[in-house]
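Report on the structure given below.
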Amino acid sequence: MSSYLFTSESVSEGHPDKIADQISDAVLDEILKQDPKARVACETYVKTGMALVGGEITTSAWVDIENLTRKVICDIGYEHSEMGFDGHSCAVLNAIGKQSADINQGVDRENPLDQGAGDQGIMFGYATNETDVLMPAAITYAHRLMEKQAEVRKSGKLAWLRPDAKSQVTLKYEDNKIVGVDAVVLSTQHSEEVSQKDLHEGVMEEIIKPVLPTEWLSKETKFFINPTGRFVIGGPMGDCGLTGRKIIVDTYGGAARHGGGAFSGKDPSKVDRSAAYAARYVAKNIVAAGLADRCEIQLSYAIGVADPTSIMVETFGTGKVANELLVSLVREFFDLRPYGLIKMLDLIQPIYRETAAYGHFGREQFPWEKVDRAEDLRIAAGLK
């Protein structure tokens with residue numbers, strides 16, 4: 001019997017890097033509302049007392065960058081100096097330029113279907129049947145812990161909670177099946193006055209226990225709640241934040257490979273983002289069709305070229321049909337040209353700020369989480 005541990009982490013919406021991601025995607029959303037053909041690559045940097053918004057944007061839209069940035073920061077919960085960061089009074093610097101004309105000529109075409117990829121690169125998508133959302137369990141529950149932290153903070157149930165937090169979940173596997181939670185780490189920013197006893201009890205009873213399956217917890221499960229003992233200084237006062245620095249948190253928690261490209265602040269012409277969403281869509285439909293228990297897709301592109309330069313399917317020995325057949329089915333049922341996948345997944349809409357915390361995958365409200373091709377794939381593969 002093979003036994004092993006696997007761990008994934010998540011961070012809260014108030015983590016400095018996630019503040020930056022949410023600002024970048026809020027800018028993207030506001031632009032897409034006005035200009036569906038915009039080219040956006042928006043980067044944000046946050047540190048004590050300031051937010052710098054920069055990048056390359058070509059659009060006919062007008063967005064009040066300063067007020068939008070302040071709103072995102074305040075919505076997260078950084079509303080007064082007691083938090084160490086205040087959206088009302090921080091400096092907001094704007095360093096946005098236009099997208100290079102050299103890139104434009106490779107992307108834009110008279111026929112939209114000939115639209116070239118905005119850059120070269122490799123993208124991965126993954127799905128597994130170990131959770132109902134066809135995502136790896138460790139990252140799924142790490143995200144849910146962070147969502148619960150925000151919920152009890154914003155509701156006032158645990159009034160001493162502050163926005164910055166991190167979680168980590170270690171699962172124990174036997175013969176590739178989850179048998180329990182080995183360890184949980186949860187660190188959360190808090191107010192000065194709360195005692196360690198109240199903090200530990202509140203986190204355990206209001207965040208951890210309501211989220212993790214009781215059958216996975218045992219007397220052997222280890223809990224590390226604020227293991228340094230103090231986490232008052234947090235957010236951008238504790239660490240600077242930068243767009244695109246939580247790419248493993250954003251995807252599969254290390255359970256699958258990653259092409260290296262970040263998502264937030266990029267419009268759908270950037271295949272770093274849109275093709276990674278399409279790869280998840282393909283992998284999820286293959287698993288939902290029962291063609292594999294686990295599936296990883298790799299796509300690659302060349303700048304200015306429409307068709308993918310490669311498509312790879314890996315099923316880790318769990319496939320019900322040959323991987324070569326799956327590649328053929330992917331080519332038949334999914335249009336993976338940049339414009340094709342944008343249309344297939346309806347990506348020109350202002351949905352991106354919501355993706356920028358708690359993971360881009362495994363959340364059913366997003367169009368790349370649909371399993372509407374599963375039945376067609378199953379029939380075409382010859383499975384009953």
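Easy rule for this one: first residue shown is 1, then count along the chain.
Just so it is clear, glycine is given a Cβ too, placed from its N, Cα and C backbone atoms.
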In Swiss-Prot, of the candidate ranges 99-109, 154-164, 209-219, the one given as region 'Flexible loop' runs 99-109
Among His15, Arg230, Lys266, Lys270, the one of these binding-site residues whose Cβ has the fewest neighbouring Cβ atoms within 10 Å
Arg230
Greatest CA-CA distance (Å) over the residues His15, Asp164, Ala165, Lys166, Arg230, Phe231, Asp239, Arg245, Lys246, Ala262, Lys266 that the record ties to ATP?
36
Whole-number Å distance separating the Cα atoms of Lys270 (L-methionine binding site) and Asp17 (Mg(2+) binding site) is 21
If I take the alpha carbons of His15 (ATP binding site) and Glu43 (K(+) binding site), what is the distance between them in whole Å?
16
Among all protein chains shown, how many Cβ atoms are found within 10 Å of the Cβ of Asp239 (ATP binding site), not counting that one?
16
